[in-house]
Amino acid sequence: MERINSTLLTAFILTGIPYPLRLRTLFFVFFFLIYILTQLGNLLILITVWADPRLHARPMYIFLGVLSVIDMSISSIIVPRLMMNFTLGVKPIPFGGCVAQLYFYHFLGSTQCFLYTLMAYDRYLAICQPLRYPVLMTAKLSALLVAGAWMAGSIHGALQAILTFRLPYCGPNQVDYFFCDIPAVLRLACADTTVNELVTFVDIGVVVASCFSLILLSYIQIIQAILRIHTADGRRRAFSTCGAHVTVVTVYYVPCAFIYLRPETNSPLDGAAALVPTAITPFLNPLIYTLRNQEVKLALKRMLRSPRTPSEV
């Protein structure tokens, strides 16, 4: 599985995650179910937002629909390849496939960071400036903000992919990870990676730290505003719409910070931590938003219990 130093690699072998061989089938079935339920859950969110006129024109739920698209996409570029680790035989990933996987993961992941920030800002405007909210956050503005998040995410993903794969890869081709990510791939480079590691740390650090700081600042203002609400029902509804977002942000940011914002150690915990944003978070997001968001729950009930009659269409 090693190439001589004068030969550039044309494929990589992803070693996957370590597991007992006797549990091969169990792990395959587990991640297969995770993948299917992720797609179905996020598709249900998309259909609910699109079908309910009370939701699909509101910026908060436009953002939620985009989040579902991102979750479905991240799961699709990571989990099927991970499942191949639990089948017999070695299945290399082509060099171009590795480039594409790294690009799309960082493109979608950074877009998700920006989107979480937009969702926090939207909640800040809705709760702290409710009278001006319809003017400050219009459907047109939310669409422009989403387009900006996609564009910034694409630039971030392209930067990371170009910096990583401009280096020569001519030695071992085993990526000690379950997908092509920057730290694992850089270990195979036949050149000094100091600049790459520094740029990666700064770039991802700026994205994560700036987005998280803006989210934190928004929620400090939101909590102060909620505590000033006089009615218990008003406070409950405000916490209901914000609680789901706080939960998914926490679940997403903690493992990302653990993986990228610490010195390179090649810890066996990296793989376990990376499973959270790549497989677990996309699976949990629909559950969190349907269980903790009262408006989504009510929209689901309306859609499931009250199908439209021909006269209503």
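The count begins at 1 with the first shown residue.
Every residue, even glycine, has its Cβ placed from backbone N, Cα and C.
Swiss-Prot assigns Ile77 and Val195 to topological domains of the same name, so the membrane does not separate them in that record. Asn85 (N-linked glycosylation site) sits 15 Å from Cys98 (disulfide bond), taking the Cα positions as reference.
Every protein chain considered, the tally of other Cβ atoms within 10 Å of the Cβ of Asn85 (N-linked glycosylation site) stands at 19. Long-range contacts of the topological domain 'Cytoplasmic' (122-140) within the same chain, counting only residues at least 6 positions beyond its ends with a Cβ under 8 Å from a Cβ of the stretch, are 57-60, 62-63, 218-219, 221-222, 225-226, 238, 241-242, 245. Shown are the disulfide-bonded residues Cys98, Cys190; the one with the most C-beta atoms within 10 angstroms of its own C-beta is Cys98.
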